[in-house]
Amino acid sequence: MSALWSAWGADAFTEQVEKATSEMLPVGSEDIALNLEICDQVRAKQVPAKQAMQVLKRRLSHKNPNVVLLALGLTDICIKNGGDHFLQQVASREFMDNLLSVLRNPAGVNNDVKNKALGLIQNWSQIAQAKPAHMSYITDIYQQLKSDDQFDFPPLDPNAAAVAAALVETLTAPEWVDGDVCMRCRTAFTTFNRKHHCRNCGNVFCQQCSSHNMALSWFGIGQDVRVCDGCYARKGPPKNALKLSRSKSASSSSPSTSSSKHVPSGRGASSSSSHHRSATLGAKSKRSARQKEEDDIALAIKLSLEASAETAPQRSRPTSFATPSQPSAATLSAHKPPNGRVLEGTDADNDPDLAAAIAASLRDWAPPQPSAPFGLNDTAGPAPTSATDASQSANSHLPLPPSLDLAPQDVDNILTFSQTVQAQQAHNQRTGMVGAPLPASVQAMYEKASSARPRMARNLEEGHRRHNVLVSMHDKLTEAVHLYDRLLDAQMTRPAQAYAPHGYAQATYPAASHQGYGYGYQPSIPLHESAYAAQQAGPSSLYLQTPQSHAGPLSDYSGTPAPWLPQQQQQLQPQPQTQPPQYEQPPYQPTQQPYAPHAAQPQYARDQPPPQHSAQQQQQQQQQQQQQQQQQQQQKQQQKQQQKQQQQQHLNPQYQQYASPNPVSNHANAVYADPNQALSPTSTVANTAQYAAYDYSGATIDHASHTQANSVAHTTAPAYAQTNGAASMSSAEPLASQPPDTLSVRTQGIMGGAPSNVSTVVPADKSQVINDGKGNESISTSHLPEDASISSRNGWSAVPTPALTEGALERTATGTDVQHQRQQQSYHQQQAPVKADTSYLPLFPVAPHPDNGFGPDRNAAEATSPMASPYTNAPSSAGMWQNPAGTGVTSASANANANANANADAAATESPLIEF
């Protein structure tokens, strides 16, 4: 009854052991079939060897002598048929000390139990002599009991030792070999392409290469388990199975032996048994595949972190491929309690011991860390005093990677098999025996050569990994070298102008094409200063002024010539600026002046060119300036000659009386000559009388003032606004504020299209006529009377001051006015020119235009549009008093007198074109 209660809740293996050693069995009767089945489970590693040893140890401590006798017999059968891994557990201190305590029981021991136990210990000691690495502790117990007089051993059989050694030679399932790729098709393992181990050879394969199942009776495995394609075709154990089991048992016995000498009883062989694959006949797992996969990954990560934390200071590579896992992982897994197992043939989904073994194997075969960081981390001690000591210390800290060469024996086996197969194939071809079976020796050579395949695969993978590491390091080094070369090139090619001389900030100069001359270094003038340069001279700035009159902020700087200053002024003032021929001056030649730096004006000092370039640049600039001036003068003379030829060819004899009186002209549009000769159609000789320039020193410019760069206030012309045909000024100052003796001339379209209101002082006798009129309001807009409308398109427009009256409407002739306009034209052509007093007014030449009636296209132009007639509002460059909207420009008084006489309307149809 106690046996039933003790077996409650036990696993299947414990139940089978209790059934084989039951109290109900008669004395001397054993269930051999059940004992062999239990032995096969131990041999096939379906049950851990340590767990089987503990179950038998409990049965040996039973009070019933019959149970103890049956347990001793079952233990002897398992030792002879269980394999070397079970021998290690039986020879441990935990099992042998318990058996010794049974023999030395103070209460006494049964004689049958005592005699059978002493006989088994004597036989096991003889087996231990053949396997000293596995069963050395049994030999010690035998010698201890033999020296004691209380125990009498039976006589020793001389042949028993050889027989026992032969009986314990048992084939067992090989240890599993781990890898990242399939050892048959070389396919990498992933989350979905899982790895599978062959139970016959222990290698790792993919699903396609290990899809067969069969029973392995030579290993004591009666169930169908997974095998690879090669083992399934062989239908037998591998040829090196016994050798592998011996070598692995020998290599794994060393930690157990060492631990048996220093570890207390019961913990001797725990390090080696934790790595063995085990399974039971229990129920299948109920968890899903996804849950099992997540648990496996979590367990592997946990074990890897723990192992890396413990073995970080002394991490090193194994010296041989047959070295087992690290003892640290084995110790961790040894303390785990036994749990339920799964059937043989699954991939250890619920086996934590196997998962720990796999994690340890992965850690063993992990790629080594880079040598440089590893060596730097380890050099925490004092630095060596000499270079030799430093190299020795570095070599001692850096572990050498294992060699990738195969063992000489493996190389010999592979070459022997290859040469034998080639010779056999050549012999078959010569004799014509194609397809003849190979001899047995060739099959043995194939098995020997195949044993080196896993090691060769691992070496190949390690070689590829090292090659990839070296390639990546080479790429990084190449990239670093390229970056370093770029930095050196950038430093060598950096321009010298990037550094500011004398500690001042480097000024930014515009391109040479902006200045008109191809000099590489020319200080630029701000636009607001250049624009103000033409207005600084006062009302006489309508003509080209000499540069000496300009007193700008750049007058202090004269270190380098600036031939581009007039060109900038001409670009800002696109209207023609000409003088009479007798007053035409040569181009401005700036003189070289010594440059004296001003301490109070550092903003001009930074515009100074570098000292090493100033002297050469000045000489080059002077030479280039002289050459360019000569070229410009030649081009101007050629253009003038071409223009004169064109004018003489296309001049219609009908309009000879309106031609320019002076045939020699230095201007593209017209010439400045005597206005008296301009009114005479027969005069062809220009008067050489000297006329004063249009300059009134007392003239004022009514502009809105603003601050210039040199803190000098100047004015800006106010804008005109035309609304409903009336001219009005947007200036804040009323017209009534102007002095009574001023003449206001509207110059819209001049100075680059900017409107301007220039007030000039008029002599008293001339201004009296104006003051007697409508007052200051009439001065805002000036109109010409009918008698002053006779003008020439290529001559001069005489505008007498007394004729300035309150202007009539200026409008475009449309509709019925076209006929009246043509009549006026024919009338004016027949009239003799009227000479007026124009000694005090400026003279405005009319520029020729291809559409204003001159040239061979006059008839076509008048036929196309009457507005293109020379006596109508033809296009001009200045466009003064033009009305594009078609409405006349009138003053306030002209708007009041809307019904003017017909003569005023007729005169308004022709607007005199005045161009500066």
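Any Cβ shown, glycine's included, is placed from N, Cα and C.
Swiss-Prot lists CYS198, CYS201, CYS228, CYS231 with the feature Zn(2+) 2 binding site. The feature compositional bias 'Basic residues' is assigned by Swiss-Prot to 274-289. Feature annotation from Swiss-Prot assigns compositional bias 'Polar residues' to 311-331, 385-396, 650-668, 777-795, 866-890. Per Swiss-Prot, domain 'VHS' is recorded for 22-153. For 292-311, the entry in Swiss-Prot reads domain 'UIM 1', with the evidence type a curator's inference. Residues or ranges marked as domain 'UIM 2' in Swiss-Prot (evidence: a curator's inference): 349-368. Annotation source Swiss-Prot lists region 'Disordered' at 238-293, 307-350, 365-407, 543-624, 641-669, 723-798, 850-892. The zinc finger annotation in Swiss-Prot covers 176-236.
In the predicted structure, the zinc finger (176-236) carries a mean pLDDT of 83. Listed in chain order, the extra residues whose Cβ falls within 8 Å of the Cβ center of the Zn(2+) 2 site residues CYS198, CYS201, CYS228, CYS231 are ARG199, ASN200, GLY202, ASN203, PHE205, SER210, VAL227, ASP229, GLY230, TYR232, PRO238. Same-chain residues at least 6 positions away in sequence with a Cβ under 8 Å from that of CYS231 (Zn(2+) 2 binding site) are, in sequence order, CYS198, ASN200, CYS201, PRO238. Per DSSP, the zinc finger (176-236) is made up of 12 helix, 18 strand, 31 coil. Helix, strand and coil residue tallies for the domain 'VHS' (22-153), in that order: 91 helix, 0 strand, 41 coil [DSSP]. Using a 10 Å Cβ-Cβ cutoff, CYS201 (Zn(2+) 2 binding site) registers 27 neighbours. Shown in sequence order, ARG184, CYS198, ASN200, CYS201, ASN203, PHE205, CYS209, SER210, HIS212 are the residues of the chain, 6+ apart in sequence, with a C-beta less than 8 angstroms from the C-beta of CYS228 (Zn(2+) 2 binding site). Across the range of the domain 'UIM 1' (292-311), the DSSP-based residue counts are 20 helix, 0 strand, 0 coil. A sphere of 10 angstroms centred on the C-beta of CYS198 (Zn(2+) 2 binding site) encloses 26 other C-beta atoms.
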